[in-house]
Amino acid sequence: MRIGQGFDVHAFGEGDHVMLGGVRVPHERGLVAHSDGDVVIHALCDAIFGALALGDIGTHFSPRDERWRGADSRQFLRHAAQLMKQQGYRLGNVDVTVIGEAPKVGPHVASIRECLAADLGCDVGRISVKATTTEKLGFCGRGEGIAAQACALLEHA
Ligand SMILES: Nc1ccn([C@@H]2O[C@H](COP(=O)(O)O)[C@@H](O)[C@H]2O)c(=O)n1
Ligand SMILES: C[C@@]1(CO)OP(=O)(O)OP(=O)(O)OC[C@H]1O
């Protein structure tokens, strides 16, 4: 078995939605990022890359590479899943926490879990997504940005 963890932050900016776990969530602000700024997928990719000791998301998808400008982060996750399989592992389970005051994630959790499970090629029961505020403290609490952390456990296939 292998275990990994990941963490990602993006600042709010212009826009009317945020991408969370591949799901478009309406919001009064967008996210500033090179790609689509999907903190859930970025944290989850880093958890998988970390479990495999294969660097991090920037190792595989450089923020200086124009190919990833505005990119759909789901392709990053599918790449991580492919590497996992190539290395002889399958997903045991993942647990993701979104950190921020808004948008509220609860109403979107079922869709996010379905989306992540589809890209990882696993049963949705292996994917946990939850959210917390920081009780209005810190940069997330002030509504300056949104964060996510993720853990992934990989099993020998
Ligand atoms: N962006 C968020 C933040 C929180 N939630 C849900 O609200 C619950 C209470 O949050 P606390 O930080 O006050 O513990 C939390 O357990 C989540 O269910 C959310 O959906 N979206
Ligand atoms: C995803 C990449 C590449 O487009 O850029 P961003 O969208 O800015 O996201 P970040 O979480 O900073 O990860 C680094 C890069 O790999």
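Each residue, glycine too, has its Cβ placed from N, Cα and C.
Database features (TrEMBL):
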{"type": "BINDING", "residues": "D8, H10, H42", "note": "divalent metal cation binding site"}
{"type": "BINDING", "residues": "D8, V9, H10, H34, S35, D56, I57, G58, T132, T133, T134, E135, F139, R142", "note": "4-CDP-2-C-methyl-D-erythritol 2-phosphate binding site"}
{"type": "DOMAIN", "residues": "1-154", "note": "domain '2-C-methyl-D-erythritol 2,4-cyclodiphosphate synthase'"}
{"type": "SITE", "residues": "H34", "note": "site 'Transition state stabilizer'"}
{"type": "SITE", "residues": "T133", "note": "site 'Transition state stabilizer'"}
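By neighbour count, meaning other C-beta atoms within 10 Å, the densest spot among the recorded positions H10, H34, H42 is H42. According to DSSP, D8 (divalent metal cation binding site) sits within a strand segment. Neighbour count (other Cβ atoms within 10 Å of the Cβ, all protein chains): 21 for S35 (4-CDP-2-C-methyl-D-erythritol 2-phosphate binding site). On the backbone, the CA of S35 (4-CDP-2-C-methyl-D-erythritol 2-phosphate binding site) and the CA of T133 (site 'Transition state stabilizer') stand 24 Å apart. Using a 10 Å Cβ-Cβ cutoff, I57 (4-CDP-2-C-methyl-D-erythritol 2-phosphate binding site) registers 25 neighbours.
A separation of roughly 15 Å, to the nearest angstrom, links the Cα atoms of T132 (4-CDP-2-C-methyl-D-erythritol 2-phosphate binding site) and D8 (divalent metal cation binding site). Of H34, I57, T133, all annotated as recorded positions, the residue with the shortest Cα distance to D8 (divalent metal cation binding site) is I57. Neighbour density for T133 (site 'Transition state stabilizer'): within 10 A of its CB lie 14 other CB atoms from the protein chains shown. For F139 (4-CDP-2-C-methyl-D-erythritol 2-phosphate binding site), the Cβ neighbour count at a 10 Å cut-off comes to 16, with all displayed protein chains included.
Counting Cβ atoms from all protein chains shown, T134 (4-CDP-2-C-methyl-D-erythritol 2-phosphate binding site) has 14 others lying within 10 Å of its own Cβ. Counting in whole angstrom, H34 (site 'Transition state stabilizer') lies 26 from T134 (4-CDP-2-C-methyl-D-erythritol 2-phosphate binding site) by their C-alpha atoms. Other than D8, H10, H42, the residues of this chain whose Cβ falls within 8 Å of the Cβ centroid of the divalent metal cation site are, in sequence order, V9, A33, G37, D38, V39, V40, I41, A43, A147, A148. Checking the binding-site residues D8, H42, F139 against ligand 1, none has a C-beta less than 6 Å from an atom of that molecule.
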